[in-house]
Amino acid sequence: MTEGLWRWHWKRGPGEQTRSHQTRKRKRHGKAASKPPAPASYLLFPLPSSAPSDDLTRRRPIPSSVRREAAQPNTTGAPRRGRASRAVSAPVLSRGGGAECAGSGSGAGGRLPSRVLELVFSYLELSELRSCALVCKHWYRCLHGDENSEVWRSLCARSLAEEALRTDILCNLPSYKAKIRAFQHAFSTNDCSRNVYIKKNGFTLHRNPIAQSTDGARTKIGFSEGRHAWEVWWEGPLGTVAVIGIATKRAPMQCQGYVALLGSDDQSWGWNLVDNNLLHNGEVNGSFPQCNNAPKYQIGERIRVILDMEDKTLAFERGYEFLGVAFRGLPKVCLYPAVSAVYGNTEVTLVYLGKPLDG
C-alpha cells in the first residue's frame, strides 16, 4: 500500500503520536520503520495490502445521521431514497473484507449481524446480490437462508409489475425469490415474432390479429443441463394450431400461414393442444397422451412442462396428473421454452417453476 494511502487512512486519536514522529523515533533506535495498522473503527472494511490508492478504495466513515436514517425500518417496501440508500453498496461491502471473511471469518463483513446485512442488501439489484453471495459464507447464508426475507420482498416490489403480484399468475410460487427467478425466465421481448408483444405483467404473450401468420416466442434463458419445469396456459381461443414445447436459438418464431411452427423443423419439439399431436422435424410423432379418447385442452388449464437435460427427455403434466414422456433423445444443446399461436388477440402465459419435485 502506498505512502499516501496510509497517510489518508490512518487516523490519529487522542494522545497518539504522528506517523512521521514515530518513524524518526524508530530510525534513532535502529528499528525498521513499519506501517501502523488502520483502526478498524475508522474503516468500513479492512483493505487488502495490495489495494490501489484510488478513490474507490478510500472509504470515508458514514456520518451518524445517515446511519440513523438507514437503521430506521422500511415498512413501505419501496427502495429508500437519499444518502442512506447510497451509504453502503455492494462494491464497498465486498472490497477488501471478502478475503478475510471467506477465509478466517475475521473480516468486518463476516461480523456484521444478519439484520444489518439484510437491510443493506434490500437496496441492491440482482446483479449486485450475485456478487455479494460470493463474498463469504455468512453473506451467502444471509441471502439464501430465507427466500421470503426483506431482500427478496424489496427486489420483487421494484422488479415485478403490480399486476403480476396481485393476480394469481404466480400463485404456484411459494416465495419472493421464486417469483424473481420466474421473471428472469419469462418470455423475451427481443426473441419473439413481430406480431406479438409481452404484456406489462412480464409473463403473458398477446398475439395481434394478423391474418395468415403463425407467431411464437422464446424465453430469456435456455437450458443445457439440469431439470426444469414451467407452466403454460392459454387465456383465449386456441384456433387451429396451438403448440407448446421447446426450441433452440436457431428455430424460427414466425412463418406464413397457419401451421404448427414448433416442430416444423429439427430445431424444435412441440405438442399441439388442438389435435394432441407431437411434432418434430415437420412430422407427426404420434398422439399424446397415449390413451384412448384423450381429453381436449380447456382454456385456462395449466400444463406443466418438464425438461430433463440429464435424461434428455421432455414430459408433460396436466393438473396433478403425469401424462408421460413426450420426447426422448434430445440433443445436448441449449433449449428454450417456447410457444406458437395463430388466433388473433389470444394470450398465452408462461411461468418458470424451477426444479421439478419428484413424485
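Positions of Cβ are set from backbone N, Cα and C atoms, glycine also.
Nobody curates TrEMBL annotations by hand; they come from automatic prediction.
Residues or ranges marked as region 'Disordered' by TrEMBL: 1-88.
Sequence annotations record features per position, and here TrEMBL assigns compositional bias 'Basic residues' to 21-32.
Look at TrEMBL and you will find 106-155 tagged as domain 'F-box'. Taken residue by residue, the domain 'F-box' (106-155) breaks down under DSSP into 34 helix, 0 strand, 16 coil.
Here TrEMBL flags 165-357 as domain 'B30.2/SPRY'.
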Confidence over the domain 'F-box' (106-155), expressed as mean pLDDT on the 0 to 100 scale, is 88
